[in-house]
Amino acid sequence: MAKYAAAIDQGTTSTRCMIFDHSGNVICYDQKEHEQIYPRPGWVEHSPDEIWERTQSVIRGALSKGGLSASDIVAVGITNQRETTVVWNRKTGRPVYNAIVWQDTRTDQICNELAADGGQDRFRAKVGLPLATYFSGPKIRWILDNVPDAREAAEAGDVVFGNIDTFLTWWLTGGPNGGVHVTDVTNASRTMLMNLETLDWDDEILSVMGIPRQMLPKIVPSSMVYGTAVGELAGVPVAGILGDQQAAMVGQTCFDVGEAKNTYGTGSFMLLNTGTKIVPSKSGLLTTVCYKFGDQPAVYALEGSIAITGALVQWLRDNLGLITTSAEVEALANLVEDNGGIYFVPAFSGLFAPYWRSDARGVIVGLTRYVNKGHLARAVLEATAYQTREVLDAMEQDSGVKLTALKVDGGMVYNNTLMQFQADILGVPVIRPKVAETTSLGAAYAAGLAVGFWSNTDEMRANWGVDHTWTPQMDEATRERLYRGWKKAVTRTFDWVE
């Protein structure tokens, strides 16, 4: 009898397939990186074909490592880098252009034109999002405007849009031969095209953005059987879809109003469960769908999205060559006692929450001859913690709820220096769970829930346990002095791009 749930976790830098048992433990997994394509400054692309090839490869690899076959898997869920935009031919499966990645800033002109009538918050009341290069709608518009024949093909229904979840679900369920063209509410809520109240595409916004409705996928719940897989997972129900940050909320079992988590990946993303209530933000956060299980009402969240955190460590490694592996940043940072008076604001693709400034670019401030590479490494880690503090402050303002602890996950949570500094600068305990692969786990939970492998959220919550807690050890005066320095540094990034 099938006794495991599988997740495909398609992230910004790599794709994983993870297989979990009923207790939420990882049984086996496989992972492969894919190429980051930078055609021009501010442009970031992926090859959709390479991503699909990597996906098939990691499914094979995970099954093989676990000595398993498709018959051992009850269901498969998909979680994905959100906003990243693919437009492809529904007859051949061929993309008309590379995937335009969430960090890509090429749509700034489109966003400015749209904001000329009604400002950056023109659509916020309906979609919960500001006009920003981050979201999919303007990326679709760019492809339709710039790829020859794309608009005509879209209007004729020959080419279709999807975020990565949609593209993978379509291929997993047969591609050109009957592939299912769907997206879940969490991914749809990141396009700028879905109305948060109706959970359907908004015709007025589609018309303003110039996007034909017929190219869009059907919006479905995050947990239900969408179709059956072909290929390596032949016969397995494809039954869960969640954007990566929403998947981490489910994996962290943040099912109650007021529960929050922060995921440290390429960027960092803090979400706060607001229940079935849509809470508009006055502090630069996003209002987003957290999850929708079957025919139960949708649950919403406030989100603070930070563009660059883990990516800054990669930059230190790949662009400066100061370290050879990302893990070495901790040892380098520990060569010094503090940041030597420097702050590093990584506005490589503008600033996301709570500023939403696409004109910002990265700065290192406070440099003196005293500063060495250890200070630089420490400033790199501290940047992640300071940006998280800004988001936490905004969340407390919007929700009126004071956070008592922060659940954390993602690759950087094994960096003790960073996690201790995070607790210090927030002034609240930081908690790492036993299973830190919460994004994949959330997708597996959504899929397993749809087929009855887990009968309810209480069963999932029972699986959650604490691995490590960091408590604040910094005095209030030091905390606020350091944070003031950060706020000052951030202002130096503004108005850089004309």
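Positions of Cβ are set from backbone N, Cα and C atoms, glycine also.
The ATP binding site annotation in Swiss-Prot covers T12, T13, S14, T266, G310, Q314, G411. According to Swiss-Prot, the feature ADP binding site maps to T12, R16, T266, G310, G411, N415. Residues annotated as sn-glycerol 3-phosphate binding site in Swiss-Prot: T12, R82, E83, Y134, D244. Taken from Swiss-Prot, the feature glycerol binding site applies to R82, E83, Y134, D244, Q245, supported by sequence analysis.
Considering other CB atoms within 10 Å as the measure, the emptiest surroundings among the binding-site residues R16, R82 are those of R16. Between the binding-site residues G310, G411, G310 has the most other Cβ atoms inside 10 Å of its own Cβ, all protein chains included. The residues near the glycerol site, meaning same-chain residues not in R82, E83, Y134, D244, Q245 whose C-beta sits within 8 angstroms of the mean position of the site's C-beta atoms, are Q81, T84, W102, R190, G243, F269, S305, in sequence order. In the three-state DSSP scheme, R16 (ADP binding site) is classed as strand. Looking only at Cα atoms, E83 (sn-glycerol 3-phosphate binding site) sits nearest to T12 among the binding-site residues T12, T13, S14, R16, T266. E83 (sn-glycerol 3-phosphate binding site) carries neither a helix nor a strand DSSP state and counts as coil. The secondary structure of T266 (ATP binding site), as reduced to three states from DSSP, is coil rather than helix or strand. Residue annotation for sn-glycerol 3-phosphate gives T12, R82, E83, Y134, D244. The furthest Cα pair among them is separated by 15 Å.
The distance from the Cα of Y134 (sn-glycerol 3-phosphate binding site) to the Cα of N415 (ADP binding site) comes to 28 Å.
The two recorded residues, T13 (ATP binding site) and R82 (sn-glycerol 3-phosphate binding site), have Cα atoms 13 Å apart.
Around T12 (ATP binding site), a 10 Å sphere centred on its CB holds 22 further CB atoms from the protein chains shown.
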